[in-house]
């Protein structure tokens, strides 16, 4: 396929997302107030606890088998890579733009955690169903594409609620201590390392060790340090958020798909209890339109948000839509060259797409939870998703050209 044909195929899903997002935004304004704050909260809960887990579980159960599951081992590595590379680029953004202290954790979150669930779940099926799609049969494309995206969503959720959650928690706590005067400016460096640095008495947890602390001179063996930091991580992980409903749905779907006796009972028209899997799939079909409407409604807060440092927004947009996708091409193409990734164009496309997504919407939830940078987060999300309409289209076109 030529470049223009690929551009056309890649642009239509994004246009569909924009139209439904605009409808969600319209339904959220005071004039209509269909998706007001209270309604959004209730619908968000419905998506979080019912629709997303049903969709993830049913897609994985239907697609994963004991034979093909080993071929997907690179997916967790790739998702972890997006978080690590995004964090490194966020550190550079913070060094250059020097934002207020309370925004450092937010910047780290926005640069490291992409929207690995909701947007790919919208984009992949739309590309598969589009006439002229380079991924072959629409039904097979949809079936396997949704399985890849569901797995991506589950892995991303675990990393989001372990890594990013704790980074933002530490950042907000330090910002509050500084505001209350418990930490003086002289005790803080003017860069990210101080926000993420543990105190000398070891009170702060291991997530504060993203950068080395030159003031920490206590002589401790490397193995003891590793054990101590792992213990601190485990003590501070909120397992209730790690095992979110979507993650539990993924685990259940994974077990059903991989364990052959259970699969024969639940999956397929000949299965005696296939009505259970069919019911979950029916619920899951409601996830995509509902999530897209809520995505638009949630962006309304960005229109009403307070001023956010311009260069901070520019830095986040540049990381998510320029530097991270370029690094993603290097990582995935290198993995393909060394035979680490199966020769499936759709699978390779999903791996590449993970590097070109806007920030995860749940970062806004975390900002509200810690009451740190809530209004700034809304503005960042608004601009990030506005630029996504162009950036995701262009990168999708290039990725399809690359893998087909």
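Every residue gets a Cβ built from N, Cα and C, even glycine.
Between the stretches 213-236, 237-260, TrEMBL puts its transmembrane segment entry on 237-260. Listed ranges 175-195, 280-300; the one TrEMBL annotates as transmembrane segment is 280-300. Taking pairs at least six residues apart, the transmembrane segment (312-336) and the transmembrane segment (147-168) share fewer than three Cβ pairs below 8 Å and do not count as touching.
Counting same-chain residues at least six beyond the ends of the transmembrane segment (382-403), those with a Cβ under 8 angstroms from any Cβ of the stretch are 1, 3, 6-7, 9-11, 13-14, 17-18, 21, 110, 119, 123, 127, 134, 295, 299, 302-303, 305, 313, 316-317, 320-321, 325, 329, 333, 345, 348-349, 352-353, 356-359. When each of the listed stretches 6-31, 73-94, 106-127, 280-300 is scored by C-beta pairs under 8 angstroms to the transmembrane segment (348-370), 106-127 comes out highest. The stretches the transmembrane segment (147-168) and the transmembrane segment (73-94) are in mutual contact, each linked to the other by at least three Cβ pairs under 8 Å (pairs 6 or more apart in sequence).
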